[in-house]
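Chemist: Structure provided below as C-alpha cells; questions to follow.
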Amino acid sequence: MWLAAAAPSLARRLLFLGPPPPPLLLLLSRVRQATNQIVMNCADIDIITASYAPEGDEEIHATGFNYQNEDEKVTLSFPSTLQTGTGTLKIDFVGELNDKMKGFYRSKYTTPSGEVRYAAVTQFEATDARRAFPCWDEPAIKATFDISLVVPKDRVALSNMNVIDRKPYPDDENLVEVKFARTPVMSTYLVAFVVGEYDFVETRSKDGVCVRVYTPVGKAEQGKFALEVAAKTLPFYKDYFNVPYPLPKIDLIAIADFAAGAMENWGLVTYRETALLIDPKNSCSSSRQWVALVVGHELAHQWFGNLVTMEWWTHLWLNEGFASWIEYLCVDHCFPEYDIWTQFVSADYTRAQELDALDNSHPIEVSVGHPSEVDEIFDAISYSKGASVIRMLHDYIGDKDFKKGMNMYLTKFQQKNAATEDLWESLENASGKPIAAVMNTWTKQMGFPLIYVEAEQVEDDRLLKLSQKKFCASGPYVGEDCPQWMVPITISTSEDPNLAKLKILMDKPEMNVVLKNVKSDQWVKLNLGTVGFYRTQYSSAMLESLLPGIRDLSLPPVDRLGLQNDLFSLARAGIISTVEVLKVMEAFVNEPNYTVWSDLSCNLGILSTLLSHTDFYEEIQEFVKDVFSPIGERLGWDPKPGEGHLDALLRGLVLGKLGKAGHKATLDEARRRFKDHVEGKQILSADLRSPVYLTVLKHGDGTTLDIMLKLHKQADMQEEKNRIERVLGATLLPELIQKVLTFALSEEVRPQDTVSVIGGVAGGSKHGRKAAWKFIKDNWEELYNRYQGGFLISRLIKLSVEGFAIDKMAGEVKAFFESHPAPSAERTIQQCCENILLNAAWLKRDAESIHQYLLQRKASPPAV
C-alpha cells in the first residue's frame with residue numbers, strides 16, 4: 001500500500017508494498033538547527049536504509065540506527081552535518097501487520113460462505129502511528145497527508161480523504177493504486193487506512209457532505225440506522241459550532257477486531273460492529289441508543305479534537321470530556337423520546353463520582369510522560385467527570401454564551417493545538433464570568449465536594465447553612481488543608497420543583513443563604529437536575545421533608561435519582577447507615593422512570609455483591625424481589641400499545657432483575673419463552689433476550705449452558721454473540737463456570753470480548769469471582785500479551801477483582817501485580833485494592849444491622 005503526506009513545514013510519504021519491496025517513507029522536512037542526528041518515534045519497525053537530501057543538493061545516507069525500544073524512538077546518525085533548510089528524509093523499513101489491535105494490524109472476519117479472512121486496519125490513538133511508520137508521533141506535530149494505497153483489486157481501500165484516482169498497478173495485474181485527496185493539517189494519531197471486503201450505504205447530509213457506513217459484506221441494511229444518525233448529526237454540529245465540517249466526506253466503518261468502542265480518525269471513523277450495526281429485527285433498544293451515542297461522540301471529535309487538537313495528552317480530557325457531553329446533546333436533538341439527559345446522570349455522572357471519591361483517583365488534567373501513562377487516563381475521570389463538569393459549566397454559563405465561546409475557540413485554533421486554558425479564555429470572553437477561576441478548581445485537583453446543608457425557618461423565609469468538604473469514599477474528610485471548590489449551586493423548592501429559585505456560586509468553605517418567601521411546609525432541595533458535580537448531605541429534618549416527593553413523584557425524576565444515589569454513596573462511605581438507604585429505596589414503589597430504576601438497580605447490585613460474602617445473601621434477594629415485583633407486574637412481558645423506547649428498556653431491566661433474584665413467576669415465564677425461542681416456535685424479541693438468557697442460565701444446568709453456547713455459535717450478528725457472552729457468567733455450578741472461562745479464551749470469542757466474558761463470571765457469583773481471579777493468574781501471560789498497553793487490560797483487572805470484600809484479597813492482588821507488572825494498569829490496580837478494603841470495611845460496619853433489618857422486614861412486611 002502507498003501512503004503519503006505533505007505539510008507547510010513537514011511532509012510524509014509512506015509506501016507499503018507486501019510482498020517486498022519494503023515500505024518507503026519520504027518526509028519533506030525542515031532542519032531548524034544544524035545536526036548530524038534525527039530522532040523519531042518508532043516501534044516494532046526495522047529500518048533498512050535512510051537518507052536525507054537537502055533541497056537542490058546531494059543525498060546523505062545515514063550510517064547508523066540506534067533504537068531506544070523502551071522510549072519507542074530511533075536515532076538516525078549521519079556522517080556529515082545536516083544544514084538548516086528544507087529537504088527530503090527517505091526511509092526504507094519493514095514493519096509487522098500485528099495481532100495487537102493497535103498500530104497497523106490485521107482483523108479477522110468470516111465471509112458469508114464461512115471462509116476466514118483478514119482485513120488490514122489501523123488504530124493509532126494514543127501513540128501507535130509509530131508502529132505503522134517512523135514519525136514524530138505527538139499531537140502537536142501536525143502535517144498534511146497525501147495518501148495512496150496499492151491494494152488487491154477486489155478489496156475496498158479507504159483512508160481519511162475522498163478517492164481522486166484509481167488505476168491498475170503496473171507491476172501486478174491483481175493490484176490497483178488508489179489515490180486520495182490531500183488531508184488538512186492533522187495529527188498522526190488521526191491518520192487511518194483500511195483494506196478489506198465491505199458493503200456500504202450512503203447519503204448526503206443537508207450540507208452536501210457524502211456520508212457512508214461500511215458494513216460486513218451482505219449486511220448493508222444494518223448500516224442504515226447509523227447512516228440516518230450521522231446525516232442528522234453533521235448539520236447539528238455545524239449549526240451548534242457555527243463552523244462547517246471541513247472534509248468532503250465521512251466514512252463510518254465496522255471493524256471485526258477492535259479494542260475501543262470507536263475511533264474518530266478524521267473522515268474515516270472506525271467502530272466495533274456492536275457500536276455501528278443495527279438489525280431492525282434483532283437489535284434491542286439499548287443497542288440503538290448506544291449506536292446513536294457513539295456516532296454522536298465520534299462525529300463531535302471531527303471538530304473538537306481533529307480540527308482543534310489538544311496540545312499534549314495532559315489535555316486529553318478536553319477531547320473526551322467534551323465529546324462525552326455533547327454526544328448527549330446531539331442524541332437529545334435526534335431522539336428526544338430517549339430522555340437521554342436523565343440517563344447521563346446514571347451512566348456518566350454517578351460513575352465518575354464513584355471513581356473520583358477514591359484516594360487513588362486523579363485530577364482531570366494529569367501530567368503524562370511515557371506512552372504507557374497515556375493509556376491509563378482513558379478512564380471515567382477523563383470521559384465521564386470531564387463530561388459532567390462541562391455539563392455543569394454549560395448550565396452555569398447558559399447555552400447562548402456557551403455556543404458563542406465554542407465558536408470563538410474553534411475559529412481561533414482550527415488546524416492548530418490548544419490547551420484547557422485556551423477554552424476557558426474563549427468561554428470567559430463570551431460570558432463575562434470567571435470561568436478559569438471556577439473550572440481550575442474542578443480540573444486541576446482531584447475529587448469533588450460534599451455539601452452539607454441544614455435549614456431554619458425565619459418567619460416567611462428559609463435560612464440555609466451550607467458547608468463544603470471533600471467527599472471521600474472512606475468516610476468524612478479528616479486531613480488538614482481541605483481542598484475547596486468554586487461550586488455553582490442551584491436551589492429549588494416544592495413551589496416549582498423544575499425551577500431554580502436561587503443560583504449561587506459557593507466560593508468559600510461555609511455560606512449562609514436566605515430563600516425569600518418559602519413557607520414552613522415547603523421542601524427545599526439543592527442541585528436541581530443533578531447538574532452540579534457534588535454530593536449533598538441534608539439535615540435529617542430536610543431529608544425527611546424530601547422523601548414524600550419520591551413516593552408521590554413531585555420531585556422530578558433526575559432529582560429523585562440524585563437523592564437516592566447521594567444517600568447510597570453516603571452509606572458506602574459510612575457517613576449514614578445502609579439501613580436508612582434501604583428504607584428510602586422502598587419509597588420508590590410508584591416509580592415509573594427507567595433511568596431512576598436503572599440507578600436503583602445498579603446500587604442494589606453493588607449491595608448484593610457485597611452481601612454475597614455473608615450467609616444472608618438470599619435475604620437481600622427477597623428485598624430485591626419486593627422492590628421490583630410491583631413494577632414488574634405493571635409492565636408485564638409484552639409491549640402495550642403506545643409504549644416507546646424507555647418502556648422497552650425498563651421492561652428488560654426489571655425482568656432481568658426479578659429473574660436473577662429468583663422471582664418464581666418470572667423464572668417460570670422466562671423458561672417457557674426460552675424453550676419456545678430455542679425450538680423456533682416464538683422467537684424472543686431482542687429487548688427480552690438478555691433478561692431471559694440471564695434468568696435461565698442463573699437457574700439452569702449444563703444443558704442450558706450448552707444450548708446458550710450453541711445459540712452463540714449460530715448467531716450471525718455480533719450484537720447477539722455479545723449479548724450471550726455477557727450473561728454466561730451467571731451460571732452457578734463450579735464445573736460450568738470453568739467451562740465458561742475456557743470458552744472466553746477460545747477462537748469463538750473475539751479478542752476484545754474475552755474481557756466481558758471473564759468479567760461476567762467475576763460478577764456472577766461468589767464462586768465465579770474466585771474462579772475468574774484464579775483464571776486470570778493462571779493465564780496472565782496470554783492475557784497480558786493480548787492486551788498490554790491498552791485500556792482493555794485495566795478493564796479486565798477492574799471487572800475481575802473489584803467485587804472482593806476481604807482485607808487479605810487486597811494484599812493478594814497487590815502482590816500478584818508487583819511480580820507481574822502491568823504499567824498501563826497501575827492506577828487501576830491501586831483503585832481496585834482500595835475498593836476491596838472499602839468493601840471489607842463496609843461489610844464489617846453494616847452487615848449485622850442490614851441483616852437485622854431484613855429479618856425484621858420479613859417478620860412484618862411494610863405496607864405498600
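Glycine residues also receive a Cβ, built from the backbone N, Cα and C atoms like all the rest.
Note that TrEMBL annotation is computational and uncurated.
Below are the features I grabbed from TrEMBL:
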type     : residues               : note
DOMAIN   : 31-190                 : domain 'Aminopeptidase N-like N-terminal'
DOMAIN   : 225-442                : domain 'Peptidase M1 membrane alanine aminopeptidase'
BINDING  : His297, His301, Glu320 : Zn(2+) binding site
ACT_SITE : Glu298                 : active site, proton acceptor
SITE     : Tyr383                 : site 'Transition state stabilizer'
DOMAIN   : 523-836                : domain 'ERAP1-like C-terminal'
Chemist: Count the Cβ atoms, other than its own, that fall within 10 Å of the Cβ of Glu298 (active site, proton acceptor), considering every protein chain shown.
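Modeler: A 10 Å sphere around the Cβ of Glu298 (active site, proton acceptor) contains 27 other Cβ atoms.
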Chemist: Mind telling me which of the binding-site residues His297, His301 has the densest Cβ neighbourhood, counting other Cβ atoms within 10 Å?
Modeler: His297
Chemist: Give me the count of other Cβ atoms within 10 A of the Cβ belonging to Tyr383 (site 'Transition state stabilizer').
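Modeler: Taking every protein chain into account, the count is 23.
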Chemist: Express the distance between the Cα positions of Tyr383 (site 'Transition state stabilizer') and His301 (Zn(2+) binding site) as a whole number of Å.
Modeler: 13
Chemist: Using C-alpha atoms only, work out the spacing between Glu320 (Zn(2+) binding site) and Glu298 (active site, proton acceptor) and round it to an integer in Å.
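Modeler: One finds 10 Å between the Cα atoms of these residues.
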Chemist: List the other residues in this chain whose Cβ sits within 8 Å of the Cβ centroid of the Zn(2+) site residues His297, His301, Glu320, in sequence order.
Modeler: Glu264, Glu298, Ala300, Phe304, Gly305, Asn319, Phe322, Ala323, Ser324, Glu327
Chemist: Can you count the other CB atoms that lie within 10 A of the CB of Glu320 (Zn(2+) binding site)?
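Modeler: Around the Cβ of Glu320 (Zn(2+) binding site), 24 other Cβ atoms lie within 10 Å.
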